[in-house]
């Protein structure tokens with residue numbers, strides 16, 4: 001131990017192991033024996049006993065018979081049996097005895113497997129949760145922040161794309177029919193389905209919030225408590241202002257209809273990771289409108305030669 | 001343990017209760033018509049009666065030509081009478097009645113096909129579902145074509161169960177209009193009901209195996225039918241391995257038919273060199289199968305719930321519920337009965353009768369399951385129904401008409417053996433897919449039915465094994481190995497079994513037989529082994545009996561062996577447990593259960609008891625059937641002992657060594673089933689296997705016995721040893737020195753105790769020498 005070291009470090013901060021540890025005093029021995037005896041004499045609980053019993057049984061069941069010392073094996077060996085062989089004319093016999101499985105409860109068939117499966121699932125889930133909490137907290141926070149930022153960028157990009165698209169449409173229509181320069185009224189909207197999926201989500205969202213706003217407005221104005229209520233005091237202008245002319249009524253229904261309709265194309269798009277959605281928007285704008293989302297500039301040349309690249313990183 | 005045949009399952013099958021045919025009536029007929037002068041009915045011209053007329057051997061050539069050349073038409077004409085071709089007597093009216101129903105059985109439609117295949121092949125695999133009539137009809141078809149009596153031979157038909165052998169023989173004797181024991185007989189362990197006239201013999205597979213031990217070619221038989229082969233009993237498996245060789249040795253005068261109730265007969269075909277197959281469809285209706293959406297938490301509770309729901313919502317039809325054992329069944333019956341009464345009173349449900357069904361149930365109670373269902377509720381007019389709660393007896397061996405609903409929790413009690421801990425035990429285990437199908441099929445016997453499986457379809461597909469493991473994989477093989485040795489099969493390693501067991505099982509069996517001195521170190525039968533194989537007993541029991549004269553108690557050991565070969569002696573009805581225990585205490589011997597059983601037997605044989613034995617047994621809570629059976633077994637065993645010149649003797653009862661001698665003789669056979677108490681507690685440890693065990697609550701043994709031998713290791717979540725008797729460690733060292741070689745024991749309590757015993761013996765020896 002410490003004192004047997006060749007170089008006796010007199011400055012050592014280590015607390016030397018007491019010398020008695022080597023030799024047990026009689027008092028200590030008595031104490032130890034007492035302790036051991038007490039441990040031995042301790043009556044095992046029923047559960048402990050049962051566990052011991054089961055363990056002994058399982059151990060015995062898992063131990064194959066000893067070949068070499070077994071007289072039965074010696075007799076079989078004389079008939080050409082070797083360790084690892086099976087019995088029978090074509091050696092197709094089973095190698096191991098059938099397992100003894102004790103049923104301890106009245107659980108139906110399949111219950112144990114189901115329990116095990118649930119337990120495993122829970123364990124997996126738990127493990128994942130713990131992992132996320134422990135090691136990857138920072139990672140997760142960073143990721144969530146980036147995700148948030150990207151969602152914002154996507155919304156921006158959608159807005160820009162929509163604008164670009166409508167501008168392009170106007171341009172083309174002015175080119176074709178230069179006389180008609182009336183700006184498209186807000187109400188004269190396209191059906192949701194025909195809008196490019198890239199920003200369809202944005203439009204949809206807007207419709208929903210608009211609808212909600214209008215509904216809230218309708219609710220607060222006592223007069224139009226029910227949508228079918230026709231107030232004779234209101235003239236057409238008023239109705240229009242309230243968004244309740246026959247057109248507006250239809251419009252609302254349509255919105256609700258459209259908003260409630262399932263849109264698998266949109267769902268598919270929304271299911272994409274945020275990077276991909278953003279990338280698709282950026283590429284769309286570059287290809288269709290020679291607009292770089294990162295430069296915030298619409299280039300005049302097809303090649304967009306002044307733009308440093310497609311990704312945000314390229315613009316650093 | 002001692003039972004080599006299946007006595008457990010359906011003793012006293014209600015079908016066995018059919019009335020016997022009246023032989024006197026037939027006797028009268030004979031005087032009128034039997035040997036009359038009517039030329040067309042001249043029995044001497046009848047090929048089936050040729051053996052009665054040895055002088056008219058002119059027909060011999062004709063007979064030879066006829067054998068295996070008969071046609072359905074010709075035999076049917078003979079069956080139509082008027083005279084019985086086997087006895088010459090006129091057929092009775094009852095015969096004609098039965099004949100009509102026989103012709104309706106599904107197998108009858110394929111008689112011609114069967115004859116063709118049978119005549120052309122040595123081995124045939126025949127598949128027919130329960131109820132097709134195969135067990136009763138096929139042997140008769142064979143008889144009319146094989147004409148075994150002409151060559152002084154017989155047709156054998158094996159059954160896995162004693163009761164089936166008896167009841168089917170009785171039925172067939174009736175169908176053939178002969179007296180049971182004459183032309184048609186049966187042979188089961190400890191009972192032989194055949195005579196020199198017998199041409200068709202129903203027997204347990206175990207009995208045929210025993211016959212093969214003395215006649216390796218089974219030369220008495222011209223056709224052997226292995227019935228219910230799908231059950232794959234130990235004896236059937238061994239017989240198949242054996243017969244596979246015998247048919248090669250007797251290519252011209254032995255035919256073999258394997259009969260199975262399951263459609264998966266290809267395995268049998270393959271095993272028997274691609275033997276041809278003939279299948280007869282059963283008479284069944286479609287059965288709709290329902291599964292539970294979720295696994296059940298408590299299958300018993302789920303079963304009761306399902307039965308009551310069926311009663312409440314389903315149309316008329318009886319219910320069959322499968323449970324695992326007696327206790328579970330009785331409990332379920334009580335609860336269903338209680339609930340059903342409630343339902344009848346409160347919601348106007350139909351009346352419901354509940355019947356239990358299990359092997360150890362007294363016959364008159366088993367009979368009750370055939371009573372018709374109760375009538376409708378007089379108020380609501382809703383139909384009554386009966387519910388039968390059964391072990392897997394009702395799965396294959398018993399047919400109950402009227403069952404429309406089957407409730408299957410998916411469990412049964414199955415024998416399990418593991419050579420590593422040397423325990424053979426009945427355990428509750430999941431059934432196989434084949435079993436589940438069989439159970440479901442029970443619902444479609446009379447009309448389309450429904451089967452409610454109390455497990456998910458997923459569990460059915462993924463958790464149940466395809467086929468139940470054959471018995472040979474679940475059994476201790478020591479008696480089988482002894483039998484095979486006696487059969488002259490020495491290469492046990494390469495013996496062609498359909499499903500060879502694990503090598504460790506054979507290893508253990510050989511080892512045990514070596515310790516019992518039945519096999520020598522070379523693996524050859526010893527003199528003791530040869531003797532032991534003559535007894536239809538477990539080797540340890542046989543050895544105990546053979547060596548008992550050395551202990552001056554062979555009479556007592558003979559009685560004890562008989563008692564150990566029959567079902568439970570003591571009855572303990574739930575309502576009168578206390579009284580039953582008190583009565584048992586009258587016979588109790590402080591040194592153990594074996595001695596207690598012997599006390600019971602001696603009391604039973606006393607004049608007082610023999611006066612009115614039935615009442616005496618009833619008063620003392622003893623199983624009268626078991627005791628009479630034991631008497632019978634004793635007589636049979638005594639005969640074997642006398643044949644082998646084993647002396648019968650007793651120590652005088654007054655001698656203080658009377659009981660000690662018996663205990664020592666027990667040790668001579670059961671020294672491999674010994675346990676020693678662990679410290680001062682209640683638990684014991686089995687010797688060599690080191691398993692913790694408790695004494696079974698039924699034991700009468702006083703708690704202070706340090707060393708005990710036990711008859712049975714009951715494997716449950718708590719391990720029990722049952723039928724226990726106190727012994728002394730010195731006896732172990734004296735009587736089984738090779739097994740109790742102290743050097744081979746690992747350090748511990750048992751070894752020290754044995755060493756102490758060895759020292760004691762030595763000092764006693766020295767003292768004895770000193771005295772000399």
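Quick reminder: no glycine exception, Cβ is built from N, Cα and C everywhere.
Within the listed segments A:85-110, A:111-136, A:137-162, A:163-188, TrEMBL records region 'Disordered' for the stretch A:163-188.
The average pLDDT computed over the domain 'G-patch' (A:68-114) stands at 86. Counting residues of the compositional bias 'Basic and acidic residues' (A:163-172) by DSSP class, helix then strand then coil, yields 10 helix, 0 strand, 0 coil. Helix first, then strand, then coil: DSSP counts for the domain 'G-patch' (A:68-114) stand at 12 helix, 0 strand, 35 coil.
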